[in-house]
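Taken from TrEMBL as is:
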ACT_SITE  His72  active site, proton acceptor
BINDING   Asp73, Val76, Gly78, Asp80, Ser82, Glu94  Ca(2+) 1 binding site
BINDING   His199  heme b binding site
DISULFID  Cys41-Cys121  disulfide bond
DISULFID  Cys74-Cys79  disulfide bond
DISULFID  Cys127-Cys336  disulfide bond
DISULFID  Cys206-Cys242  disulfide bond
DOMAIN    31-340  domain 'Plant heme peroxidase family profile'
SIGNAL    1-30  signal peptide
SITE      Arg68  site 'Transition state stabilizer'
Amino acid sequence: MASSTFPRSATVVMAVLVVAALCGIHGATAQLCENHYADTCPDAYDIVKQVLIEAHQSDERIYASLIRLHFHDCFVQGCDGSLLLDSVPGMQSEKDSLPNKGSARGFPVADAVKAALEAACPGVVSCADILAIASEISVVESGGPSWGVLLGRLDGKTSNFTGSGNLPAPFEDLATLQGKFKAVGLNGDIDLVALSGAHTFGRVQCANVADPPADRLYNFSGTNMPDPTMDSAYRAFLSQRCPRNGDSTVLNDLDPTTPDTFDNHYYTNIEVNRGFLNSDQELKSSPLAQGTTAPIVDQFASSQDAFFASFAQSMINMGNIRPVTDPSQGEVRKNCRRVN
């Protein structure tokens, strides 16, 4: 399938999707559009998809890992591929920051996608667009919705190590999460709840539930007690997986019901107090959630179609965070790990 004709899921209400029909040029800056590579690299989508499917055969976590890369890239100085840059003298990379080091993964797959695209159409498809395309493919291949991926981003020339410290964190409360989403131009309610739904697949380390500053199992908020919002049976299960002072790197399913399927079980889990991360359960259980995020959780738990439609729109919204489209400010990297 050519990049100009992206698939559509019947479960997505396409009317809510704001998709640019044409690439408009305004001075030196172009708008993002679906058919950006229709002439210059028409097989781009298929090329990315083939690499991802092959990678998934040996790594069932890769789809969730790739969408996380796109998220962490866009939230730090916009969707510019800056997360993919390696550290060099004078510039410490975002990938080496605390929120990413040791947990962000999938970089070799991004390299493989870039190599395949460079072989087919050299110097055409940016690394920032690779992350956007890979995210959509990862969701679709896991059973989730499709959306029209807007393309035409250039790659930035810097990485913002310090800025990575402002990424939404798994131990944060609802007010902090809402503030961080609003700070990048996203909605602190619907976009926050919808994009958090990406936790319907993937794995997470014990450190995020059993160690400070999260510690929902043993010393929540310094009380020397577990998080009272966590279902007792689920807490007992996680305590076996993540004993006090145990191996913090042990992996757990974010969604204990359908861990590798993109569906709405993330929300049905939260409804019964089985959210793994504090940031997950806050969407339903925080006093601030009543009248803001909790009704959206309820809606998505009862309607997978509603979740899919909102998730697709929120991914488009996120992909529009400060994209670099001015050639004087960005480039198409030949290697995602370094500037040209």
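Glycine is treated like the rest: Cβ placed from N, Cα and C.
Take the Cα of the residue listed as 'heme b binding site' and measure to each of the recorded positions Arg68, Asp80, Cys121: the nearest one is Arg68.
Of the chain residues outside the Ca(2+) 1 site list Asp73, Val76, Gly78, Asp80, Ser82, Glu94, His72, Cys74, Phe75, Gln77, Cys79, Gly81, Leu83, Gly156, Ser159, Asn160, Gly163 have their Cβ within 8 Å of the site's Cβ mean position. Within 10 Å of the C-beta atom of Cys206 (disulfide bond) sit 20 other C-beta atoms, taking all shown protein chains into account. Within the model, the domain 'Plant heme peroxidase family profile' (31-340) shows a mean pLDDT value of 97, rounded to a whole number.
Taking Cα separation as the measure, Cys206 (disulfide bond) is nearest to His72 of the recorded positions His72, Asp73, Gly78, Ser82, Glu94. Around Val76 (Ca(2+) 1 binding site), the C-beta neighbours below 8 angstroms that are at least 6 residues distant in the chain are Ser82, Leu83, Glu94, Asn160, Gly163, Ser164, Asn166, Leu167.
The separation of His72 (active site, proton acceptor) from Cys79 (disulfide bond), Cα to Cα, is 9 Å.
Each of the disulfide-bonded residues Cys79, Cys242 was scored by the other Cβ atoms within 10 Å of its Cβ; the lowest score goes to Cys242. Ranked by Cβ neighbours within 10 A across all protein chains shown, the disulfide-bonded residues Cys41, Cys74, Cys336 are led by Cys74.
Here Cys127 (disulfide bond) comes close to Gly81, Leu84, Ala110, Lys114, Asp155, Arg333, Cys336: these same-chain residues lie at least six apart in sequence, with C-beta atoms under 8 angstroms from its C-beta. With respect to their backbone Cα atoms, Cys41 (disulfide bond) and Cys242 (disulfide bond) stand 47 Å from each other. Cα of Gly78 (Ca(2+) 1 binding site) to Cα of His72 (active site, proton acceptor): a span of 9 Å.
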